[in-house]
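Annotated features in TrEMBL:
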- 249: active site, proton acceptor (ACT_SITE)
- 59, 102, 103, 157: NADP(+) binding site (BINDING)
- 187, 191, 225, 244, 349, 354: substrate binding site (BINDING)
- 23-196: domain 'Glucose-6-phosphate dehydrogenase NAD-binding' (DOMAIN)
- 199-497: domain 'Glucose-6-phosphate dehydrogenase C-terminal' (DOMAIN)
Ligand code: BG6
């Protein structure tokens, strides 16, 4: 383990941001994979106030010592060697405590009240458990008098599986916590480049004046994953790619691209604008469902040169399943800014690579003066890449160099690669930023109830349409970019999915 100067010299967080964190589901996959590493990083970066305490809650038998040992092992495994240092690690582990609790019974909750007794810090309740028990946990916390007027709750997606179930869950949480103290996570909102979208759009007049249907011809949003289902078949099969990825991550990205400028950076100013976009999304009616939406399911294929099974051959699979692992669609935000501008979205499992990117395609010049045979060269594009390497590129047309080239044009990128532009700064994981905002009590990176419900309303009409049509998803080989129909959907408009960077 290497010793880092960063941690030794870093001050320990603003004392006003100290919290008592009660983490329900502390032994679960999300906690181990994401939350503990993120909390450790906050501590190591000097962003976690000294008095912050973390109570892990789960059903299994453990005590503080065995729980710390387990978290330590996970951190050793997940952190890079230059991210580990003894002093930070010890300080972080010392904050941890453990409580064995049956979440469904109010009996054990008194121990949380005892833990909190006399604490001057607000309690943050993090529910890293299935949404169906969010309501019970909130009510038990209330009944046991573990909460006070400053307590906050953090909840993970998916909140429900349709509008109706999400209303039930939100109602149950809302009976205990006011909206101003509910933090609904969409981890895409914590990604560095997603945040940069706000800076890019609203700090640069260059883009501000161009951002509308007069200047933009179409927008693409791709969130492709190389992985398949990874042992989550049961959960995933009930959800499918539309509920798992579009209802939340892709629609949030779309909102940040399409929203009007908020009057300030307050949570509600931003969220009000996002809700307007969700309300303006065109529903898929009549023929549009067959024409503008493609559902796919992967069959056996290759990933990184290795043969991989199809969705129906994965462990625990039901071979009758018609759940989609891929979806592509052409939608529109029906308002003055965007009328007539298609938004092409696609997302899938078992694609050739992990790639999340947004491409804004600007219109051609109205009057063209260069070589007629170069007219087809695509005009400006703004490419915002979220992963794998985060960065922003603006494709511009310049003169091709060389005496023999005359005024021939050549497209080339103006490139901002975050890793090389800011080589010393580590790009924090989305959960670090989100947890920090929860500690500060700031909500702008979290999703408000009405956003979730409008997103469900839009997805529900799509799901209902699919049910009525009852057509099976189109097959695509693992390791490909999805069903051929998803490529045809965009090429029939004279365009193609952007693949260079
Ligand atoms: C989650 C989905 O919300 O996002 C997963 O449930 C998906 O199915 C994951 O794999 C993708 O997140 P990221 O940050 O790896 O793009």
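The backbone N, Cα and C atoms fix where each Cβ goes, glycine too.
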Same chain, 6+ residues apart, C-beta under 8 Å of the C-beta of residue 244 (substrate binding site), given in sequence order: 158, 236
Which binding-site residues sit within 10 Å of residue 157 (NADP(+) binding site) - Cα, from 187, 191, 225, 349, 354: 187
Residue 249 (active site, proton acceptor) as reference: those binding-site residues from 59, 102, 103, 191, 225, 349 with C-alpha within 10 Å of it: none
Alpha-carbon spacing, residue 187 (substrate binding site) to residue 103 (NADP(+) binding site), which is rounded to whole Å: 25
Contacting binding-site residues, sequence order - 59, 103, 349 vs ligand 1, Cβ under 6 Å: none
Between residue 349 (substrate binding site) and residue 59 (NADP(+) binding site), the C-alpha gap once rounded to whole angstrom: 32
Least buried by Cβ count (within 10 Å) of the binding-site residues 102, 225: 102
For residue 354 (substrate binding site), the number of other Cβ atoms found within 10 Å of its own Cβ: 12
DSSP-derived class (H/G/I helix, E/B strand, else coil) of residue 349 (substrate binding site): coil
Other C-beta atoms that fall within 10 angstroms of the C-beta of residue 157 (NADP(+) binding site): 17
Cα-Cα distance linking residue 103 (NADP(+) binding site) and residue 191 (substrate binding site), given in Å to the nearest integer: 31
Local backbone state of residue 59 (NADP(+) binding site), from DSSP in three classes: coil
Intrachain C-beta neighbours of residue 103 (NADP(+) binding site), sequence separation six or more, cut-off 8 angstroms: 24, 57, 59, 129, 133, 136, 137, 140
